[in-house]
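Peer 1: The structure that follows is given in the form of structure tokens.
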Amino acid sequence: MLLFLPVFLTLIFTILIQVVGRSRIPLGTKWLILTAIAVLLWGTTMAMQMKLSLTQTIGHWLPSGQSAETLAFTLDRASWTLSMALLSMLVGIILTDTGRLGTSQNLSEWTQLLMLTFLGLVAVLANSPLAFLLTWTLIDLVEIVVLVGIHPKDELPVQTIAVFGSRFAGTVFVLLAMVLGYQNGSSLALSQASGTPLTLLVFGAALRLGVVPLHLPYTMDINLRRSLGSALRLIPPLAAFAFITRLPVVTNISGWLVFVLLFAVLGTLFGSIKWFSSKNELEGRPYWLMAFSSLALISLLNGKPEAAGYLGLIMAVLGSWTFLQSIELKWLKFLTPLAVLAMIGFPFTSSATLVGAFNQGGASATFFLVWIGLAFLSAGLVKFSVVQNSEQKSVETWQRLFYIAGMVFLLLVPWLVEIWYFSEWTNLSGLVSGLATAILLGIILALTYSAKVRAAIIPKLNQRFFDLTKKIGLILERFFHFDWFYLFIGFFVNLVERMLNSINAILEGEGGILWALVFLVLLISLLSSVRGG
């Protein structure tokens, strides 16, 4: 049961923070207790790396004692990395929360944050279809409860409902794969899936990422969007990343998987470019999630599903580092190279293990497009660290110190996690891809911040090029927002409504009873023919 130690501790501390929160202890002291809890959870999980791999199977989990499916949980490198991503995000949110103390309902937010982290930990440890289905459902239910609490009197936006619909569709695909697995006389094992069940699992993973359609902000409260909002956005995709790491190596990309790969490549390019071009980091957050989710799908189709573990780590940790910036620190931009090096795949860096996920395998032909995506993602980190927000101006010295500690901590996490695998950092095969990504990054930054470079290059480009790229961007924007899908559904609903209204008008008008009798005779004749045949 050592496997569940961080999970049990998180649940116990969730209850404890409720008890402490209702006491008369000063708010600052409550925050210190929460900080100690988060650091303890992080340290405990970090130490558990020495106990990899651990497995726990629960066979008779129904009250009746009869169940064909088992609940399997595993703590291995991928699940440990994603667990560290979750808890690092928790620590980062709490440390940087000092600038937001007293600005909102801190106790409620802290409880919801711990509960989401608890469910996220269970999800990343899952290693069977049923375990994933149960944890996904619980995460969705808790998220709905949180959203209803944020909007007690308002209806949820259509796009938010569509996101939950997308995730539910992903759950249905996994259920269908389980049903097909029973045709072989046994339950479906994720690591051994093949053929149609594997295709269904890949589609289920893609839909469970929950980044399409692009969602609107849950609230306009900037403090809530930075703290609890970051957890709400990042934890569901991390649960899907864990599912991807459990899938087998894809050896042949054919049939429907070709469309998944095409969608993933488009998502990487579109998401990374839109992330870089967004006005601020919170506006660009959906595109950050889209780009990394697409990269995880590419790594899966490239035969490297385990790479989704590290992708999830940098998505959550470096994303939080950007999303939580609310106090202006002019020197913070000088630490941005640590974040960039954790992404582009240079040897002797924490991202050295990422290279093989894209350069070798069935989808390796997309490697250049991946370089472009990583370059724009890195450029966005640089851009938002240079132009920082200064929402919290009147903060005390101790609050600023803890905020700085949180920012530096999040930057160091990828290095602290991957240092356990330092022997893999010497992989020189990533030198070319790292240099290519760095060169592309340099070009992007030069075009952005150097007037001389823009004056030398941009006038030489044909105006048709700019018009074409603008049109392509608008088309992709509309596609990923799924406005066309909403229009189709609206047209279909209106068509059905008109048909029903027409039938109703016929029945209620002159001769309505006669028409009703005609329909009744037709129905009786159909039933008679079925029985006779």
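Here the Cβ of each residue, glycine as well, is placed from N, Cα and C on the backbone.
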Peer 1: Which is it, of 2-20, 78-96, that TrEMBL names as transmembrane segment?
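Peer 2: Based on what TrEMBL states, transmembrane segment spans 78-96.
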Peer 1: Taking residues 6+ outside the transmembrane segment (78-96), which of them lie with a CB under 8 Å of any CB in it?
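Peer 2: Contacts of the transmembrane segment (78-96) (Cβ under 8 Å, skipping residues fewer than 6 from its ends): 6, 31, 34-35, 38-39, 41-42, 45-46, 48-49, 52, 110, 113-114, 117, 120-121, 124-125, 127, 226-228, 230-231, 234-235, 238, 241-242, 245, 306, 308-310, 312-313, 315-317, 320-321, 324, 326, 402-403, 405-407, 409-410, 413, 417.
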Peer 1: Residues of the same chain, at least six outside the transmembrane segment (331-349), with any C-beta under 8 angstroms of its C-beta?
Peer 2: 314, 318, 321, 325, 355, 374-375, 377-378, 381-382, 385-386, 388, 407-408, 411-412, 414-415, 425-428, 430-431, 433-434, 437-438, 441
Peer 1: Using a cut-off of under 8 Å between C-beta atoms, tell me which stretch among 161-180, 307-324, 401-422 contacts the transmembrane segment (230-247) the most.
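Peer 2: By Cβ pairs under 8 Å, 307-324 leads among 161-180, 307-324, 401-422.
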Peer 1: Are there residues at least six beyond either end of the transmembrane segment (161-180) with Cβ under 8 Å to its Cβ atoms? List them, or say none.
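Peer 2: Long-range Cβ neighbours of the transmembrane segment (161-180): 69, 129-130, 132-133, 136-137, 140, 144, 187-188, 193, 196-198, 200-201, 203-210, 212-213, 215, 236, 240, 482, 485-486.
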